[in-house]
Every structure is written in C-alpha cells, then in structure tokens.
Amino acid sequence: MSITITYRIETPGSIEAMADKIASDQSTGTFVPVPGETEELKSRVAARVLGIRQLEDAKRPTWPEVAEGHGPLRRADVDIAFPLDAIGTDLSALMTIAIGGVFSIKGMTGIRIVDMKLPNAFRGAHPGPQFGVAGSKRLTGVEGRPIIGTIVKPALGLRPVETAELVGELINSGVDFIKDDEKLMSPAYSPLKERVAAIMPRILDHEQKTGKKVMYAFGISHADPDEMMRNHDLVLEAGGNCAVVNINSIGFGGMSFLRKRSGLVLHAHRNGWDVLTRDPGAGMDFKVYQQFWRLLGVDQFQINGIRVKYWEPDESFIESFKAVSTPLFDPSDCPLPVAGSGQWGGQAPETYQRTGRTTDLLYLCGGGIVSHPSGPAAGVRAVQQAWEAAVADIPLANYAKDHPELAASIAKFSDGKGA
C-alpha cells in the first residue's frame, strides 16, 4: 500500500536521474551508501518511480540561477510511490516526505507537486469535516440556493459596539452568513470576548423574532492552541456556531487540536497560501494542499472566485472548486466551497455554469453587498436575484428589468471597480 505523489520536474539534466534522486533522498537514501541499507529494508520503505510523462520543454527557467549555461529545460510529470510503512497516516510525516528536501535538490530549475493519491488507510484516520456542506446548509436554513454571506468592513479598526451596530444592520438585511475579516482576531481595541458579547445578543434576538439564525464566524485563531480553544469556548458558550480559522497560521497541530474539541463550524481561510503556489513552476497545486486540511476537518473552505480582485485566474478557482467538491473517500468529507474576493451578483451566472450548475456553495460578498447604492438589504436582494437569474438561465440584464436592486447593482459594479 502506497501514497503516490506527482512531481512536475523542470531540469536541464536528466529527468530520470532527478526522479530517482527524489525517490532515494525522500526515503532510504543519503549522499553515499550506508551500512544497514539492505535490500530487505529498501523493499519495505524505499520509494519507487512509477511513471514519467514527458511535457513540453520550458521556455524559461523557474529558478534562473540554476540554469545558467545549460541547454534545453526538460519538463515531466513524475509519479513516485512512497510505501505506507514509511509514513503511516500522520500528516506531518506525509508533508515532510512529500516536500522535505525535494526543493533543495541540485540540478533542477523548478519543481511543483501537482497531485497526491492517498490509500484507503487514510479513510477514518482523521476526523474530517464535522458539519461540511449539509451542516452549513442546515444551520443557516438555506436550501435550493447558495448561502449568501458578507464580511464586516472596515476589516480592522471597529470597536465591539461599532461592530455590533453594523452587524445589526446586516442581519436585518436578510443575509445568511457574516464573518470577521481574517485579519481580525483579538486586538486590544476589539478583544474577542467583548466582540462576542456585543454581537451575539443581536444574532439571538433576531433569531427569536424571525426564526432565522444568521451564522456569524468569529476570528478565533491563535498560535497557542489552548488560547485558541478558549476563544472557541467563548463563541460556543455565547450561542455562536461558526469560527474563522487561519489555517496556515495555526498549522496542522493547531487545526487537529481544535477540530477534535470543536462544536463550531470551522471556516478555513488560506491566507499565505499564495507563497506556496503563485509561481507556476514551483510550490504545490491546491489539489494537493486542500487534502491535508480536509482530513484535519475544515467545514468551509475559501477558494477565491470568478473575476477576483487578486492574481488568481478563473481557471484556478474552477479547479479548486472541483477539488474541494470531489470526495477523498466519501461525500461527507467535502467541505462547503466558499467563493469570495470582489464578488457581487455579476459573477453568479458564470460561477453557476462553470462549477457544474450547483448551488452548494457559500457566496461571499463584501463591498458587493454593503456598498450597494440602496444599502445592505438591497445588496443582499441583488445577489439573491442574480442567483435566481443564473439558475433560471435568464440573462442578468433581462432579469434586472423587473428587479431594481439587481439593476442598481449592475449599474454600480459592472465595471469591475466597485466591489
């Protein structure tokens, strides 16, 4: 039984030699033969090259300093199998072996991890999502359409009372989900304890009056797992049901510690992820990265969206959406995809079409809701109307003729600058 990692290698030298070196260095080998590296030992734990698929040569090196004075830059996808006996199901061991010293090997001008296939031994080895798609929809009371969410803006600087005033306006707008910006955790001007105490009475009062409980995701991340757990408990004990976790900041250990004790929906923000992926010739594909966090138990996963304000192209978002929506072992291990970043109703039709005509997502709009010319309530209605049009295959411009909120949204945001 093996774990198969696919590396996209770029080198002016031999692809085969690089593949063999990765397999050796990341399992039993070192720079010279050593006593004890027997054939029996290697048969149990040595990695093996399974296959090499040649790709078009690179036009320019990912790491230019490595390629000086060399010839063609050969590229190939290389599948390497690592025996489960060498790794087990520990995710820190898997990350160490999959990445480890690979990026420091001499002779390559680039390397990227583009796929990972886990054996059935990982099924049940980690908790996975506690709520996921079904739980998120149940707790928000949303069926047959996306969960519509927004973000407290300004992202930083509001005091708890000021935040609660804004939240009061947002929950009356008809929105399903509100979150702290990922940068907001527990600063001196807005301690989490005070923010929870100011916001949750508004949420609960609205629920009592209307029967609808808006899901609010509080930022609870902390480098100290015990402190993060105390933050979690503050939210849970006040009647909250969701938390923002900055997964790269808290790490595998922090996420594992939290998930095993959590009673909250865990909304994963991947800030810092771009360090690992923005260079197309190095780093790691999201298809690989997301598997770790899903096994650890994130319930909702932010993955950007269509025509975002950041660098990521639409094709990358579509691939990410497909990745988180594809079961690792069972449909219950899929988190809810979260489309965000510069979103408003204008991206709804393309999002719907390109993600397989699904409404199983959280559609997160900041300025696209709160900056609507007629206020947040009109902003929410405009996004809902856009999704109604998308699902019915009606062009937005046509639907807007009878829906003034959508019409005003198109007028403000269609140039791509407003949201």
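Yeah, the Cβs are placed from backbone N, Cα and C, and that goes for glycine too.
Marked as Mg(2+) binding site by Swiss-Prot on the basis of similarity to another entry: Lys179, Asp181, Glu182. Asp181 (Mg(2+) binding site) falls outside any helix or strand according to DSSP and counts as coil. There are 16 other Cβ atoms within 10 Å of the Cβ belonging to Asp181 (Mg(2+) binding site).
Positions annotated as N6-carboxylysine by Swiss-Prot: Lys179. The Cβ neighbour count for Lys179 (Mg(2+) binding site), using a 10 Å radius and every protein chain shown, is 27.
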Enumerate same-chain residues with a sequence separation of six or more from Glu182 (Mg(2+) binding site) and a Cβ-Cβ distance below 8 A; give 'none' if the list is empty.
-> Gly219, Val244, Asn246, His269, Asn271
Excluding Lys179, Asp181, Glu182, which residues of the same chain place their Cβ within 8 Å of the centroid of the Cβ atoms of the recorded Mg(2+) site?
-> Ile151, Val152, Ala155, Asp180, Lys183, Leu184, Ala217, Gly219, Val244, His269
